[in-house]
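TrEMBL annotations:
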- A:16-40: transmembrane segment (TRANSMEM)
- A:52-85: transmembrane segment (TRANSMEM)
- A:97-115: transmembrane segment (TRANSMEM)
- A:142-162: transmembrane segment (TRANSMEM)
- A:190-210: transmembrane segment (TRANSMEM)
- A:267-286: transmembrane segment (TRANSMEM)
């Protein structure tokens, strides 16, 4: 591999990793704060992608569609938390797994009923459709650079929110001692609703951002879910910082594995996960 | 859940009597039982529905050829799950005693069905699955195919590439039957003519993380790229190829499924892609125009390739029954009649090979303004080599 190709693949890997972080961040946030293992997280990614596809077809504007879809996802998150998830706080993980697996089936069926099973694609928005010269005979699409920047911005915003704001303080307090926070007069119920809704919205936003780069197909949620879990387990369940580092590692490693040993590429990230867990059984940044 | 679905489909099995002339030959005896094993749910649901609709249209149009026999359809949903195939095929064979079984879409399901139906009295007609084995090592007198073998769309593309002056080609696909067989077929004719495969990449199915490979293609800088991808993977690959700026610089060639049913989602990214296939929607054949209008009148939308393949399965059944004047009790006669048919297909006329796979034209198509435009006949009356078939 030439040095030039090495850097090209490194950039591909980092860009993929940033998107993985965005998807995984919601999963780890919800688990870290609420202790809820949300297997339907991938479905929210799918919902985001399908919603933005649908609204682009109706309105023609990607920006409008993206905002609409994100807001609907936030609403959906509040609804799911209030109606379903709230009943599970005092139950064990198995019950949570059963409910959220059930939600995967519901969302897949809804997708099939509402939008059919044809594969779809969303066009890259006009303003971002250009590309910059990259190597001798390839160029790098502006949209992918934009997508990477959005992911970095959201990562920064999450970091700021968790470590510098009052909401973040409550989230961190709730993570370490739920009863004490409640005793101090904080409405933990609505705090949980907010956190869950943010988690759902983060998944949907990653689906929205990914839509112009990927194909929108039935089952797209499940395929990212597994990679997401690998990211979160490597980084340490519940740690946002861990998810960030884990996502970049998985992105870069799987990109190089795909080029160097294509037939084994799917296995490599799992091998990496096993290695990490052997050395640090709780993940890299576990609390 | 799936068992309930099976039962429900069986209960709902429709009896098609409308449109059949009751005054035709008095001996309106036993119904012709046609078992349909296609995916009606899951990722291939659309393909299953199209195949079924085509099949039913053919039998409706050719009602008079049935000599008054009513047709009974038994529809079972395979969900495109190979594990369910033997059980469903066995119920069509033993419980429903189907005369014909039409299915499946998915090659894995085909293997399970063949295991059950091979050498039995039921005639199996495959309206899609392109697995080489079905008309290769596993071929049988009672197994027919009205679609294609994986070899057929890709083999002529090797010569197309050579004719265009491409010497070094980068080949990429998924590491499963159809993917491997497509690349091998291309390689066979391409290297025989002096071409060189500079890189052959097989990715785990159904991974769609193509960006790093597209970067690798740019760095390798071949004369052209040959590929097999279908559905969501085809959309993603063509879009990634375009996004990295390779479209217009390194020509993209493929097995026809790369641009079949995916063009709308691929948009401009697919412009200029060259593919080989046994059909094109705008194919200038009178039968095609006639079929497209008839299908649209019946179902309110235009047919795709999967509907054509189902339609031809229906034509094969109707013509066979017609030639036997309604008597299909002698299965040997049914097989030897069907073998000799010439099907007037929307893709152009075709006959069956000794292994019962269509001997058909493969068309070279180029995407122009979002349509697969036929450029030429890449291979005329192409017959699958049927390697390993002892018929």
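Just so you know, glycine gets a Cβ as well, placed from its N, Cα and C.
Where the annotation comes from TrEMBL, it is an automatic prediction and has not been curated.
Counting Cβ pairs under 8 Å that are 6 or more residues apart, the transmembrane segment (A:142-162) and the transmembrane segment (A:16-40) reach 3 or more and are in contact.
By the count of Cβ pairs under 8 Å, the stretch nearest in packing to the transmembrane segment (A:190-210) among A:16-40, A:52-85, A:97-115 is A:52-85.
Distant neighbours of the transmembrane segment (A:97-115): 37-43, 46-47, 50, 53-54, 80, 84-85, 88, 218-219, 221-222; these residues of the same chain sit at least 6 beyond its ends, with a Cβ under 8 Å from one of its Cβ atoms.
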